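Among the features that TrEMBL reports, signal peptide is placed at 1-26. Residues or ranges marked as domain 'GH16' by TrEMBL: 25-220. If you look up TrEMBL, you'll see E106 marked as active site, nucleophile. Residues annotated as active site, proton donor in TrEMBL: E110. For N114, the entry in TrEMBL reads N-linked glycosylation site.
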Amino acid sequence: MALRRSFNALGVVCLCVVALSIAVSGRPATFLEDFRVTWADNHVRQLDGGRGIQLVLDQNSGCGFASKRQYLFGKVSMKIKLVPGDSAGTVTAFYMNSDTDTIRDELDFEFLGNRSGQPYTVQTNIYAHGKGDREQRVNLWFDPSADFHTYSISWSHSLIIFAVDDIPIRVYKNNEAKGIPYPKQQPMGVYSTLWEADDWATRGGLEKIDWKKAPFYAYYKDFDIEGCPVPGPANCPSNPNNWWEGPAYRTLNPAQAKNYQWVRANHMIYDYCTDKSRYPQTPKECTADNL
């Protein structure tokens, strides 16, 4: 059977909060029951009896955490309120990773900080069988630091969809029949980090982080995982009755396709597929049907 982990906010907290409650067993959960701190535990502070956490980026360190379990297919989502104001040089990341070296699979959201008044950029990337460098960048059409918005990764045997408030911004179809790698063999954990990357994050590294504005905070809530846990029931990942494997999820529906084309036409600012300086020969997946 598939596992659902659902984490919902229990109140307003003035700092970066991931609020937790477990829907499967009905028992109350604390952060450490389902997650582990992966980096700078003194920058990850439990709140509300362990039902929430605070992430901090300052001149000493960023921080991060990961799910204790890995998953093979399903859907992961969280609501995030990004670093406000002058966030140049900061990166808030939400991603899935197989935690392997040479044959890494990874699905990335990276939110690239900006100077005040400039659009926030989200970069997505896909690693399949160890090959990445598939970056696309979209300028968000709203201020993601003013309120919470939902960011999700849907992953099935057929399709990967990155979505913002249920609007697809990136689609990667399983085209293994055309010799194109697709991540489907390795389970992945769920990760989030807040860190400094001013050598590349904002305008290619031209805009540096202003440490006088530190500390920086990002805010999370309503974290949700539905997927096949590994280790777990061996037949779960291949079960065609999992909802994310249903016919309705094997391609974009007409409304999704329309929204996807709108994003690409009006808000995409970079696509590796059209970067001839990096790829004189267009990568095969760029010419495949990704709708």
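Quick reminder: no glycine exception, Cβ is built from N, Cα and C everywhere.
A gap of 25 Å separates the Cα atoms of E106 (active site, nucleophile) and N114 (N-linked glycosylation site). Per-residue confidence over the domain 'GH16' (25-220) averages 90 (mean pLDDT, predicted model). All chains included, 24 other C-beta atoms sit within 10 angstroms of the C-beta of N114 (N-linked glycosylation site). Applying an 8 A CB threshold to same-chain residues 6+ apart, the list for E110 (active site, proton donor) reads V91, T92, A93, Y95, V122, Q123, T124, N125.
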